[in-house]
Amino acid sequence: MKALSKLKAEEGIWMTDVPLPALGHNDIMIKIRKAAICGTDVHIYNWDTWSQKTIPVPMVVGHEYVGEVVAVGQEVRGFRIGDRVSGEGHITCGHCRNCRAGRTHLCRNTIGVGVNRQGAFAEYLVIPAFNAFKIPDNIPDALAAIFDPFGNAVHTALSFDLVGEDVLVSGAGPIGIMAAAVCRHVGARHVVITDVNDYRLDLARKMGVTRAVNVSRESLPEVMQALGMSEGFDVGLEMSGAPPAFHTMLDTMNHGGKIAMLGIPPGDMAIDWNQVIFKGLLIKGIYGREMFETWYKMAALIQSGLDLTPIITHQYAIDDFQKGFDVMRSGHSGKVILNWS
């Protein structure tokens, strides 16, 4: 079958032919319809330090997708041929303390689809049936293909009560923008998003944020004053991994504020712990999606009217995959989808 693979330990990604994946007793086989390019895939393309330490070569990459079930293992229940599915990209062990307690998103033995095992940039993907999620009929393929990153956004945004609260989102990448849209949809008062990329700040405005602030030109405290915010943000969602953004978040949080952190800093990050202590801040680390509560929330949010379509800015046929990676690497895109069918 055709697949996009990391064939060499250098910059790039290549179309190749690989064997059809084997189907286990508890697995399903999915014929991929659409797959989206994740920031992780760009890291792998660039062959940065993280990728060099993490990705075995060769590796079929990709983990954001939607497709149709074409085969089921003999022990599988609840799925049948023809079902339209996406899937959780973190395959968990089922045996550690967190897995046995139902907190599978905290499994210490997680294996990543398209990172540690064959991924979704291929004609067919095999995953454990446990990891598959049926897509409701009224959710289109393009939105289903971005459920994985949407899940990061939902998990982060819904970590704390948002109703009537003022929220700061640092980082206007696609996940940050989707998180901001979730905050607005569920009843936050002011949702302010910060970045230095004007293209993505414009995209955030299309998604309905209260203010999109280019912090290289605008003062966040002045924006807060213009909005009538005299005490600071109640909730912070750190999506950038940029130390200056996190420092600004700490500066502008209200006493008793709550921060959810999804962005990954490039290395050790020093912060002013006095702010955390004397403001009584709560900081929560976020990884992946809660299995599978986040997935049900994702579907329900879209079915209740949350419109994510503006975040999908580019779609390409799979043979034009290089164009997709080029636009992702440029920073002038939202989500980029590759069409396999």
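Glycine too: its Cβ is placed from the backbone N, Cα and C atoms.
Note that the structure is predicted; figures quoted are calculated from it, not measured.
These features come from Swiss-Prot:
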ACT_SITE  Thr40  active site, charge relay system
ACT_SITE  His43  active site, charge relay system
BINDING   Cys38, His63, Glu64  Zn(2+) 1 binding site
BINDING   Cys93, Cys96, Cys99, Cys107  Zn(2+) 2 binding site
BINDING   Ile175, Asp195, Arg200, Leu262, Gly263, Ile264, Ile286, Tyr287  NAD(+) binding site
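Feature annotations (Swiss-Prot) mapped to structure.
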residue: Thr40; record: active site, charge relay system; contacts (Cβ under 8 Å, 6+ apart): His63, Gly114, Val115
residue: His43; record: active site, charge relay system; contacts (Cβ under 8 Å, 6+ apart): Trp50, Ser51
residue: Glu64; record: Zn(2+) 1 binding site; contacts (Cβ under 8 Å, 6+ apart): Ala35, Ala36, Ile37, Cys38, Gly89, Ala120, Ala145, Ile146, Phe147, Asp148, Pro149
residue: Cys96; record: Zn(2+) 2 binding site; contacts (Cβ under 8 Å, 6+ apart): Cys107, Arg108, Asn109
residue: Cys99; record: Zn(2+) 2 binding site; contacts (Cβ under 8 Å, 6+ apart): Thr92, Cys93, Cys107
residue: Ile175; record: NAD(+) binding site; contacts (Cβ under 8 Å, 6+ apart): Pro149, Asn152, Ala153, Thr156, Met239, Leu262
residue: Asp195; record: NAD(+) binding site; contacts (Cβ under 8 Å, 6+ apart): Ser170, Gly171, Ala172, Gly173, Gly176, Leu201, Ala204, Ala212, Val213, Asn214, Val215, Ser240
residue: Arg200; record: NAD(+) binding site; contacts (Cβ under 8 Å, 6+ apart): Ala172, Gly173, Ile177, Gly331, Gly334
residue: Tyr287; record: NAD(+) binding site; contacts (Cβ under 8 Å, 6+ apart): His105, Leu106, Leu262
**Message:** Can you give me the same-chain residues 6 or more apart in sequence from Ile264 (NAD(+) binding site) with a CB-CB distance under 8 Å?
**Reply:** Gly241
**Request:** Tell me the Cβ contacts of Ile286 (NAD(+) binding site) under 8 Å, same chain only and six or more apart in sequence, or just say none.
**Result:** Asn152, His155, Thr156, Ser159, Ala260, Met261, Leu262
**Request:** Look at each of the binding-site residues, Cys38, Cys93, Cys107, and point out the one with the fewest other Cβ atoms around it within 10 Å.
**Result:** Cys93
**Complete:** Long-range Cβ list for Gly263 (NAD(+) binding site), cut-off under 8 Å, min separation 6+ in sequence, same chain only, gives Ser170, Gly171, Glu238, Met239, Ser240, Gly241, Ala242, Ala245, Phe246
**Prompt:** Tell me, how many other CB atoms lie within 10 A of the CB of His63 (Zn(2+) 1 binding site), whichever protein chain they belong to?
**Reply:** 24
**Request:** Report the residues of the chain - excluding Cys38, His63, Glu64 - with C-beta within 8 Å of the mean position of the site's C-beta atoms, for the recorded Zn(2+) 1 site, in sequence order.
**Result:** Ala35, Ala36, Ile37, Thr40, Asp41, Gly62, Tyr65, Gly89, Gly114, Gly119, Ala120, Asp148, Pro149
**Prompt:** With the Zn(2+) 2 site defined by Cys93, Cys96, Cys99, Cys107, which remaining residues of that chain have Cβ atoms positioned within 8 Å of the Cβ centroid?
**Reply:** Thr92, Gly94, His95, Arg97, Asn98, Arg100, Thr104, Arg108, Asn109, Thr110
**Request:** According to DSSP, folded down to helix, strand and coil, what is Ile264 (NAD(+) binding site)?
**Result:** coil
